[in-house]
Amino acid sequence: MMEGHMLFFLLVVVVQFLTGVLANGLIVVVNAIDLIMWKKMAPLDLLLFCLATSRIILQLCILFAQLGLSCLVRHTLFADNVTFVYIINELSLWFATWLGVFYCAKIATIPHPLFLWLKMRISRLVPWLILASVVYVTVTTFIHSRETSELPKQIFISFFSKNTTRVRPAHATLLSVFVFGLTLPFLIFTVAVLLLLSSLWNHSRQMRTMVGTREPSRHALVSAMLSILSFLILYLSHDMVAVLICTQGLHFGSRTFAFCLLVIGMYPSLHSIVLILGNPKLKRNAKTFIVHCKCCHCARAWVTSRNPRLSDLPVPATHHSANKTSCSEACIMPS
């Protein structure tokens with residue numbers, strides 16, 4: 001029988017999974033449609049597309065791990081593929097790191113020759129950075145192919161057996177490689193984000209001293225800083241918990257262990273929502289999707305109220321009028 005708190009955490013993980021898949025799925029679909037229509041993809045869109053795709057796969061893995069830890073599926077199935085999960089997680093971290101570097105290069109104002117060089121070339125470097133990340137993660141994983149398959153499996157299975165010993169000293173070096181793989185992108189990301197926050201803070205101070213500065217401009221600047229700060233906090237929490245789990249510093253079945261799983265799943269879902277809210281194109285498409293769903297729901301409810309036998313029939317797609325009637329107005333139908 002599953003304990004009450006484990007059942008609660010499992011339900012929260014499922015909600016995180018659905019939220020993350022919807023948010024990341026929206027990013028993937030919007031950018032894929034643009035690629036089909038225009039036969040090309042902007043550097044930022046390419047980064048978002050790769051990041052969202054890796055996060056969808058990662059959240060599937062997190063959900064499957066939670067099911068295994070809850071004894072709803074055989075944990076050995078996940079243990080046999082835990083190296084793949086590590087690769088996807090590290091790729092996701094690298095893509096998020098390059099996203100932070102891209103924002104820093106495009107937004108920050110730093111009078112340094114190296115930064116100016118990066119600012120001029122970051123758009124052309126994005127595809128190469130993505131390719132380099134894939135090659136780096138793949139090569140570093142398969143250099144120690146046997147150990148990288150045994151160590152994560154040992155860590156995962158140790159959560160189920162009290163007789164399983166912790167990581168052997170012979171694996172201590174390899175464990176440090178795992179931790180280094182998580183730490184390196186975090187250090188690059190932290191430097192980029194701190195430079196960006198410093199630049200935005202200096203710009204905010206200049207705006208305060210300027211006469212006639214518009215309030216919306218200040219609000220947009222504060223929103224950008226909060227968005228970047230939330231990015232940093234989520235990234236940091238995800239990295240810390242991942243390192244803690246790798247070092248087997250948690251007791252399986254405890255509330256702390258379950259909470260750490262929630263933190264790991266929180267990063268790819270919540271940050272994708274932050275990305276949507278901060279990107280005008282994604283935000284516009286998200287609003288269109290929500291309005292369309294509401295209109296379809298209202299139309300189905302009206303049809304069902306008029307004739308319950310028609311409740312199983314599909315509702316045809318609705319088209320907005322020229323004056324863009326809101327969903328609430330469209331739902332006011334004569335009885």
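Positions of Cβ are set from backbone N, Cα and C atoms, glycine also.
Residues or ranges marked as N-linked glycosylation site in Swiss-Prot (evidence: sequence analysis): Asn81 (among others).
According to Swiss-Prot, the feature N-linked glycosylation site maps to Asn163 (among others), an assignment based on sequence analysis.
The topological domain 'Extracellular' annotation in Swiss-Prot covers 1-7 (among others).
Annotated topological domain 'Cytoplasmic' per Swiss-Prot: 29-43 (among others), in sequence order. Long-range contacts of the topological domain 'Cytoplasmic' (29-43) within its own chain (CB-CB distance under 8 A, at least 6 residues past either end) are made by residues 49, 52, 102, 122-124, 126-127, 281-282, 285.
Feature annotation from Swiss-Prot assigns topological domain 'Extracellular' to 65-81 (among others); the stated evidence is sequence analysis.
The topological domain 'Cytoplasmic' annotation in Swiss-Prot covers 103-124 (among others). Packing against the topological domain 'Cytoplasmic' (103-124) from elsewhere in the chain are residues 43, 192-193, 195-196, 198-200, 203, 224, 228: each is 6 or more residues past its ends and has a CB under 8 Å from a CB in it.
If you look up Swiss-Prot, you'll see 146-176 (among others) marked as topological domain 'Extracellular'.
Per Swiss-Prot, the feature topological domain 'Cytoplasmic' maps to 198-224 (among others).
If you look up Swiss-Prot, you'll see 246-256 (among others) marked as topological domain 'Extracellular'.
What Swiss-Prot records for 278-335 (among others) is topological domain 'Cytoplasmic', and it gives sequence analysis as the kind of evidence.
The transmembrane segment annotation in Swiss-Prot covers 8-28 (among others) and rests on sequence analysis. Residues 2, 48-49, 51-53, 55-56, 59-60, 62-63, 66-67, 70, 258-259, 261-262, 265-266, 268-269, 272-273, 275-276, 282, 285-286, 289 of the same chain lie 6 or more positions beyond the ends of the transmembrane segment (8-28) yet place their CB under 8 Å from a CB of it.
Under the heading transmembrane segment, Swiss-Prot lists 44-64 (among others), citing sequence analysis as support.
Taken from Swiss-Prot, the feature transmembrane segment applies to 82-102 (among others), supported by sequence analysis.
As annotated by Swiss-Prot, transmembrane segment applies to 125-145 (among others).
Residues annotated as transmembrane segment in Swiss-Prot: 177-197 (among others).
Through the fold, the transmembrane segment (225-245) approaches residues 89, 93, 96, 100, 103, 155, 179, 182-183, 186, 189-190, 193, 196-197, 200-201, 204, 260, 263-264, 266-267, 270-271, 274, 277-278 of its own chain, all at least 6 residues removed from its boundaries and within a Cβ separation under 8 Å. Sequence annotations record features per position, and here Swiss-Prot assigns transmembrane segment to 225-245 (among others) based on sequence analysis.
The transmembrane segment (257-277) and the transmembrane segment (44-64) are in contact, since at least 3 Cβ pairs between them lie under 8 Å (pairs 6 or more apart in sequence). Sequence-distant contacts of the transmembrane segment (125-145), counting only residues of its own chain at least 6 positions beyond either end whose CB sits under 8 Å from a CB of the stretch, comprise 43-44, 46-47, 50, 83, 86-87, 90-91, 94-95, 98, 101-102, 118, 174, 177, 181. Long-range Cβ contacts of the transmembrane segment (44-64) within its own chain (Cβ-Cβ under 8 Å, at least 6 residues beyond either end) map to 13-14, 16-17, 20-21, 23-25, 27-28, 31-32, 34-35, 73, 77-78, 84-85, 88-89, 91-92, 95-96, 98-99, 102, 126-127, 130, 261, 264-265, 268-269, 272, 275, 279, 282. Counting residues of the topological domain 'Cytoplasmic' (29-43) by DSSP class, helix then strand then coil, yields 11 helix, 0 strand, 4 coil.
Regional average pLDDT for the topological domain 'Cytoplasmic' (29-43) in the model is 89. Residue counts for the topological domain 'Cytoplasmic' (103-124) under DSSP (helix as H, G, I; strand as E, B; rest coil) come to 17 helix, 0 strand, 5 coil.
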